[in-house]
Amino acid sequence: MAAPSRTTLMPPPFRLQLRLLILPILLLLRHDAVHAEPYSGGFGSSAVSSGGLGSVGIHIPGGGVGVITEARCPRVCSCTGLNVDCSHRGLTSVPRKISADVERLELQGNNLTVIYETDFQRLTKLRMLQLTDNQIHTIERNSFQDLVSLERLRLNNNRLKAIPENFVTSSASLLRLDISNNVITTVGRRVFKGAQSLRSLQLDNNQITCLDEHAFKGLVELEILTLNNNNLTSLPHNIFGGLGRLRALRLSDNPFACDCHLSWLSRFLRSATRLAPYTRCQSPSQLKGQNVADLHDQEFKCSGLTEHAPMECGAENSCPHPCRCADGIVDCREKSLTSVPVTLPDDTTELRLEQNFITELPPKSFSSFRRLRRIDLSNNNISRIAHDALSGLKQLTTLVLYGNKIKDLPSGVFKGLGSLQLLLLNANEISCIRKDAFRDLHSLSLLSLYDNNIQSLANGTFDAMKSIKTVHLAKNPFICDCNLRWLADYLHKNPIETSGARCESPKRMHRRRIESLREEKFKCSWDELRMKLSGECRMDSDCPAMCHCEGTTVDCTGRGLKEIPRDIPLHTTELLLNDNELGRISSDGLFGRLPHLVKLELKRNQLTGIEPNAFEGASHIQELQLGENKIKEISNKMFLGLHQLKTLNLYDNQISCVMPGSFEHLNSLTSLNLASNPFNCNCHLAWFAEWLRKKSLNGGAARCGAPSKVRDVQIKDLPHSEFKCSSENSEGCLGDGYCPPSCTCTGTVVRCSRNQLKEIPRGIPAETSELYLESNEIEQIHYERIRHLRSLTRLDLSNNQITILSNYTFANLTKLSTLIISYNKLQCLQRHALSGLNNLRVLSLHGNRISMLPEGSFEDLKSLTHIALGSNPLYCDCGLKWFSDWIKLDYVEPGIARCAEPEQMKDKLILSTPSSSFVCRGRVRNDILAKCNACFEQPCQNQAQCVALPQREYQCLCQPGYHGKHCEFMIDACYGNPCRNNATCTVLEEGRFSCQCAPGYTGARCETNIDDCLGEIKCQNNATCIDGVESYKCECQPGFSGEFCDTKIQFCSPEFNPCANGAKCMDHFTHYSCDCQAGFHGTNCTDNIDDCQNHMCQNGGTCVDGINDYQCRCPDDYTGKYCEGHNMISMMYPQTSPCQNHECKHGVCFQPNAQGSDYLCRCHPGYTGKWCEYLTSISFVHNNSFVELEPLRTRPEANVTIVFSSAEQNGILMYDGQDAHLAVELFNGRIRVSYDVGNHPVSTMYSFEMVADGKYHAVELLAIKKNFTLRVDRGLARSIINEGSNDYLKLTTPMFLGGLPVDPAQQAYKNWQIRNLTSFKGCMKEVWINHKLVDFGNAQRQQKITPGCALLEGEQQEEEDDEQDFMDETPHIKEEPVDPCLENKCRRGSRCVPNSNARDGYQCKCKHGQRGRYCDQGEGSTEPPTVTAASTCRKEQVREYYTENDCRSRQPLKYAKCVGGCGNQCCAAKIVRRRKVRMVCSNNRKYIKNLDIVRKCGCTKKCY
């Protein structure tokens, strides 16, 4: 007997138990899913197929479980297993470097706007993609092509306007697709192609008006389809015919027109009673509200007018918008198309696309339209044709491509076009024709290559064209060398060239007709052999005209070029294009055709942008210089192809934003200079800070230009939390092809109508020709939003809230022909508001509030034919007489405009009323005058003067003693509100005040907050309670977080990583530590190690700290890394000069008389005195700068005068004291004085004058006992009295100028003696204390001050005269005694020796055997007689930039060089003048250089 089976003795296997347990649950879930699916939301509610348990979607893993490690998880996301959750993170772009193993990706609840082609590359295992609740309006082609495993895709609750064709073609496994709650209007026939497994498709809550009849073709597995709440009026016949498994269909809430075209739907719904309930008619009126399924066929009627009309989305509707289709011809001429249409009627045989803006023919552009016989693409902007763009067109007979920008014909582009008879390629930029280009064109009879850049043609190019009858080759720069000999022979035998093709070069052949030349004329010299490979498009070019070529370097610097030359030699390694007028780098493949190019310089041009893929193929470029241009943004396709780029310089452009991924592919980049760019540090730039920290590149640092809170802060140092977007600062990079939100862009027409816009959108495309902004809420026309629209011809701003047209608002819109501003609140038209509109033909200002028109307002409107001014309350006095005369000249006003005032002119037509009736009989009312000038409303108070400003703004110029927008406040002790915490300040008497505290505060200044930690608190885990304003917060112990410190912190996670400057965070469970990079230290590696503590700078050089390094900033005349280079005086003067042992302390020795023994000292900035021994003027440039002096003597009086200059609103000028004190500071641009001799309360006063304007001001301070007097710029003196028992201010502490040390500053601030802790920033030119000029060199202590005001004065000079190169000049005469041997006559190699007793002042020392006065006689020398050459030493004027290290002068300098010869002596400067030159460095540092300018040259023996 067999042993019993092991399975009969054991309980059922676990897998079987599990199935028995969950089977009832699954059946229940299936029942619920079937009924709830169309309206369910999340991935968890997908339909369960009828294929049984195997398709339920529950997976019990039986092997290893994949996990995405932390290193492969995007920093802003969280990863669990193979799931990546990036939801609700405020993202503006899809995170980079998502693991290729991810199966579920959640991106819902972010701020994504565009899905780019590269966003989901390599994610071949992705099964679920969640993109709901974003702002997505565009999906690029092929964005989902790598998602071959995708099962569920949610795109609902976005702003999609259209769905790309074939966008899920690669996703054959897709089960569920949700695109509901968007703004989609049409669904084309190829949208869902390839999604044969799709079971659930949700398209509800869109704006769909058109469904292609084949839209759902092939979706044989579809079970659920929702189309409810759209704008469908009809449906193509039998559109649901192939959906045999459909079990849920929603069509409700659509405005169906129940005519004869919809009768099929009624029959369909009656046969499938469970589908599409509540589908009702909207029209005609007798059927409105009726259920479609309840109607009989005879009730669906069509009127005679519509019986034969095509259905709204019928088969005929495949005609592409906005083209016209008839009889097999698709006419798309002049429709502003930018690409070839993707849909055409099936019977199309002729396609007309001329005069559009098409730029390329992509692969297989016409492969679906095999019936095409004629294609016209003339007069477009086509520069690129894919090699298979014309594949499949076997019936094509005519191809017209003239008037484009084609530069290259790819190999095989005409392959298979055996029926082609006419090929027009004239008026392009074709430079070469491959030998096999026309190989398949056996039927071609006419070929035009007229007007291109072809230099040669390879033998055999025309061999395959057996039917050719006419060829046009003229207007090409043919090089008639031996390589073109065959063409002359060919044209002799086949006289088919009828355009008169001629030679361009060589010179002997210039302008000679090719067909008339004999074969022996076609010769090749060595350099002309470069055309030998023309048939392979590998010929090389000569050096471009206007450029200089040396070796492999092509230098086109400073040639005034407006575009890059096309004939750059192929062997070029360095291309220099600096200092030209290039405006934009085109994506025309130029750099990709230079295989050896390593260095490209484009500095100091007018570049505003670089087209995407402009550098594609330029894989060997290592250095790219783009500094000092006008580039405004960096796109993510700008530098594609630069795989070996190491150095990228974008210094001094106008870059405000960088698109994510812009530098991602620059793997070799080591140096990136982004200094001097106005980066907008909002939420769109947060990724860039992280990228910069990670890369640690060399070069100028990128700094924020906005918002003001973070201005000048290095981007990489800014924490992620500081990158914020607000309503005023939310704009990111717009990029090419951008269309503003709430607008639709079709070609060059932009429509932004009826969108409740408050202002004109930013980023309107520059090529816009028509702009519609009507029916919004725009109140003001921002000039900067429209000034770039130079192609605009029509602008509609009607039905808005505009109140004023300011001067020169439309000055740049020179092509504008129609301007509509009707039905606004326009009350003021300024004199030059319409200046520049020379081509304006129609102007509508109808329905506004205009009363007056300035004379000459319409003088630029030379082309005007119609003006509408009706329904305006025009005031018809003598001020409008000019308008009456003007409209009667050409009758451009149709007789609608009427007068509203004055009474005698009321309701009279301006056109028909005689001009003599327009007279002035009294003063115009203020309410009318105030429409353009708000000052007539008298807004200013206290006798202030009102000054009118643009946009009907105004400014009140206050009388002394008042301030505020309307001068409504007095300048008294309460100026600037000295009370804290929103307390109310009340003046007690002159100079004294009291504070009434808000609830929760106490103290003299309401500075003390009531301690809320004394009551019951909820802080946990030994947290410390921190008092707030009627609240408290818990300060947690290390390792805890949360409002009440009840959460354990996960150290070193993306949410908590305080380590800065590239430091590595290490988690120790209870705490963390940071492993700092070199050059940093501190708990979070935030402190830069001061490398200047042990610096080696010599000769007074200033140490400048860096990152793990320092630099020495040398004084004048010293050079070297450590300023170790010697002073130049010893070389500038002979050893006998008095300057050799001068006594100048802080200056340069100067001899006014070269022959004398006296000298003067020219002092360095800030120093005075005979020997420059006194430091009397200093600059303060740091927040903690100050000077410490001895205590101020106050008996019998204290008198302090400070001459200073500052552009900062706040800063400490002087301070001395403790409780009793004298404090003087800048506060809100005025001088604030706090004076207390010990009599409480303190006395305070403010200057009436504003002094923070960058100009020099003198403030005089006089303290006599209790009295204190202030006078500014010798104006009116004002006084206060600190009344009380004490008479004198007793001071024993040091006096500080320009700032305070930390401890005294905190104490003074705490005691309300000063209003801010900021040091003075500016220059103190002179300081007098008790009638003595202060020598700061004797100060007890100095901290971070700079001698003199040179920097400030340099900036002032720059503002006053930007064109002036030099700041001053000082004659310098080099001491050079006359050399008697300078023009000696010694011969035959003899030596000249000075001798004062000789007749000529010198003596000739002859060689052996020579004699004579000049050694010109005798024997003994085998040397031939020599003659001293006449001196050719001369001064040569030049004008160029002066450069030094990485710096240069601001302007080209006019100076001279000594050139020529002096025999055996040197040609050098005899007289020089020293001038100060402003220098600017690449890192934005500025300084002043003392430069010796040559004034006279001569010969000298001293060659140095």
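We number each residue from 1, going along the chain as drawn.
Keep in mind that glycine also has a Cβ here, set from the backbone N, Cα and C atoms.
Predicted, not measured: the structure shown is a model, and the values here were computed from it.
Summarising the environment of N111 (N-linked glycosylation site), the number of other Cβ atoms within 10 Å of its Cβ, over all protein chains shown, is 17. The N-linked glycosylation site annotation in Swiss-Prot covers N111 (among others).
For the repeat 'LRR 4' (173-194), the DSSP-based tally of helix, strand and coil residues reads 0 helix, 5 strand, 17 coil. If you look up Swiss-Prot, you'll see 173-194 marked as repeat 'LRR 4'.
When pLDDT is averaged over the repeat 'LRR 5' (197-218), the result is 91. The repeat 'LRR 5' feature in Swiss-Prot is assigned to 197-218.
Residues or ranges marked as N-linked glycosylation site by Swiss-Prot: N231 (among others). For N231 (N-linked glycosylation site), the same-chain residues that are 6 or more apart in sequence and have a Cβ closer than 8 Å to its Cβ are T185, Q207, I208, T209, N254, P255.
Residues or ranges marked as repeat 'LRR 8' by Swiss-Prot: 371-392. Summarised by DSSP class, the composition of the repeat 'LRR 8' (371-392) is 0 helix, 5 strand, 17 coil.
Residues within less than 8 Å, Cβ to Cβ, of N381 (N-linked glycosylation site) and separated from it by at least 6 positions along the same chain comprise F357, I358, T359, N404, K405. The N-linked glycosylation site annotation in Swiss-Prot covers N381 (among others), and the record cites sequence analysis as its basis.
Secondary structure by DSSP for the repeat 'LRR 10' (419-440): 0 helix, 3 strand, 19 coil. If you look up Swiss-Prot, you'll see 419-440 marked as repeat 'LRR 10'.
Under the DSSP three-state reduction, N459 (N-linked glycosylation site) is assigned to coil, being neither helix nor strand. Among the features that Swiss-Prot reports, N-linked glycosylation site is placed at N459 (among others).
Under the heading domain 'LRRNT 3', Swiss-Prot lists 534-570.
Sequence annotations record features per position, and here Swiss-Prot assigns repeat 'LRR 15' to 644-665. The list of residues near the repeat 'LRR 15' (644-665) in space but at least 6 beyond its ends in sequence, with Cβ under 8 angstroms from a Cβ of it, reads 92-93, 96, 118, 603, 619-636, 638, 671-680, 684-685, 687-688, 691, 699-700, 705-706, 731-733, 735, 1482, 1484.
Non-local neighbours of the repeat 'LRR 17' (791-812) in the same chain are 748, 753, 766-781, 783, 818-837, 844, 932, 950-952; each lies 6+ residues outside the stretch with a CB under 8 Å from one of its CB atoms. According to Swiss-Prot, the feature repeat 'LRR 17' maps to 791-812.
The N-linked glycosylation site feature in Swiss-Prot is assigned to N807 (among others); the stated evidence is sequence analysis. In this structure, N807 (N-linked glycosylation site) belongs to neither helix nor strand by DSSP; it is coil. Neighbour list (N807 (N-linked glycosylation site), Cβ cut-off 8 Å, at least 6 residues apart, same chain): Q830, R831, H832, A833, S835, P950.
Cβ neighbours within 10 Å of N812 (N-linked glycosylation site), excluding its own Cβ and spanning all shown chains: 16. What Swiss-Prot lists as N-linked glycosylation site is N812 (among others), and the listing cites sequence analysis.
Swiss-Prot lists N982 (among others) with the feature N-linked glycosylation site. Every protein chain shown contributes to the tally, and the Cβ of N982 (N-linked glycosylation site) ends up with 11 other Cβ atoms within 10 Å.
As annotated by Swiss-Prot, domain 'EGF-like 3' applies to 1009-1046. Each residue in the domain 'EGF-like 3' (1009-1046) gets a DSSP state, and the totals come to 3 helix, 11 strand, 24 coil.
The annotation N-linked glycosylation site is assigned in Swiss-Prot to N1022 (among others).
DSSP assignment over the repeat 'LRR 5' (197-218) gives 0 helix, 5 strand, 17 coil. Away from its own ends, the domain 'EGF-like 3' (1009-1046) comes close to residues 981, 999-1002, 1056, 1069-1071 of its chain (Cβ-Cβ under 8 Å, at least six residues beyond either end). Secondary structure at N111 (N-linked glycosylation site), taken from DSSP and collapsed to helix, strand or coil, is coil. It is N1022, among the glycosylation sites N459, N1022, N1199, N1267, N1316, whose Cβ has the fewest other Cβ atoms within 10 Å in the structure shown. Within the set of glycosylation sites N111, N982, N1084, N1267, the entry lying nearest in space to N1316 (N-linked glycosylation site) is N982 (CA atoms). For the recorded site, N231 (N-linked glycosylation site), the DSSP three-state label reads coil. N1267 (N-linked glycosylation site) carries a strand DSSP state (E or B). All protein chains shown were included, and the count of other CB atoms within 10 Å of the CB of N1084 (N-linked glycosylation site) stands at 18. The repeat 'LRR 17' (791-812): residue composition by secondary structure is 0 helix, 5 strand, 17 coil, according to DSSP. Listed glycosylation sites near N1199 (N-linked glycosylation site): none (candidates N111, N812, N1084; Cα-Cα distance within 10 Å).
Note on proximity: among N982, N1022, N1084, the glycosylation sites of the record, the Cα nearest N1267 (N-linked glycosylation site) is that of N982. Within the set of glycosylation sites N111, N459, N812, the entry lying nearest in space to N1022 (N-linked glycosylation site) is N111 (CA atoms). Residue counts for the repeat 'LRR 15' (644-665) under DSSP (helix as H, G, I; strand as E, B; rest coil) come to 0 helix, 5 strand, 17 coil.
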